[in-house]
Amino acid sequence: MSENQQALNHVVSMEDLTVDQVMKLIKRGIEFKNGAQLPYEDHPIVSNLFFEDSTRTHKSFEVAEIKLGLERLDFDVKTSSVNKGETLYDTILTLSALGVDVCVIRHPEVDYYRELIASPTITTSIINGGDGSGQHPSQSLLDLMTIYEEFGHFEDLKVAIAGDLDHSRVAKSNMQILKRLGAELFFAGPEEWRSQEFADYGKFVTIDEIIDQVDVMMFLRVQHERHDSGAVFSKEDYHAQHGLTQERYDRLKETAILMHPAPINRDVEIADHLVEAPKSRIVQQMTNGVFVRMAILESVLASRNAN
């Protein structure tokens, strides 16, 4: 393990990480991106349990595990005893008893991991791949890595996060750590989808008020599956009022970058032809997801080896 890396027992929330730990994970992710290798001779076992749909998080964790030479124990929710009524706790208790070292979990219940990491019987380490509208630490870390690669710092950067704020675990993870890192935060999007908790971290604005001032413009997916009622906006109205149109893109500073955690509703949050525009770092975010997740896995496994 790199001497610059600091071990963690679990990675479940950005609130639990220190700035020092965050920076070490970012820098280790960059080292992996630049070719650093870490073969494991003792073949640690990792199981990925996704109770919500996922492409980027699920598959990039798998690629990270392959690159690290870890043993993957596939877990298919559809064919597991979950369908017989088994609880998440008993599922993880079973995998822990079988000798699984790390479980990467995405689950619709906010804070699902609290019961697991508090258990004296469960010895497997937990990496949170997203808990409902709660936290998404690995996405936040890959976003931070992407910003750090671009600017080399966070202090005094103006970052706007726009879209479905209340339902976004990405927004909540990023706002907490970006403020601690010294960035200035702005929040845009429909008033119906932003709660007062965001006011503790930044300023509410309209996208047109801030678009030409920001260094980082981060859009969020409209999460239809987390809304209780029907659509408040048509796709066309949402895009016109809150999305990235060509006119808004043209107003971005020359050095500004465009981000989105994906999946993207094209022509809703971002105009289709702008998803891969020169200022876009969306593909880079996906690439960086592999390397920062390698750093997370390395750190968690190092903690286990130290205990």
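Including glycine, each Cβ sits where the backbone N, Cα and C put it.
If you check Swiss-Prot, you get these features:
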BINDING   R56, T57, R106, H136, Q139, A262, P263  carbamoyl phosphate binding site
BINDING   K84, R169, R221  L-aspartate binding site
Express in Å, rounded to the nearest integer, the largest CA to CA distance found among the carbamoyl phosphate-binding residues R56, T57, R106, H136, Q139, A262, P263 named in the record.
16
Longest CA-CA distance among K84, R169, R221, per record bound to L-aspartate, angstrom
33
Excluding R56, T57, R106, H136, Q139, A262, P263, please set out which residues of the same chain place their CB within 8 Å of the center of the CB atoms of the carbamoyl phosphate site, keeping sequence order.
S54, T55, G129, G130, V170, P261, G289
Within 10 Å of Q139 (carbamoyl phosphate binding site) (Cα basis), scanning binding-site residues K84, R169, R221, I find R169
Cβ packing number for R106 (carbamoyl phosphate binding site), 10 Å threshold:
22
Counting distance between Cα atoms, which of the binding-site residues K84, R169, R221 is nearest A262 (carbamoyl phosphate binding site)?
R221
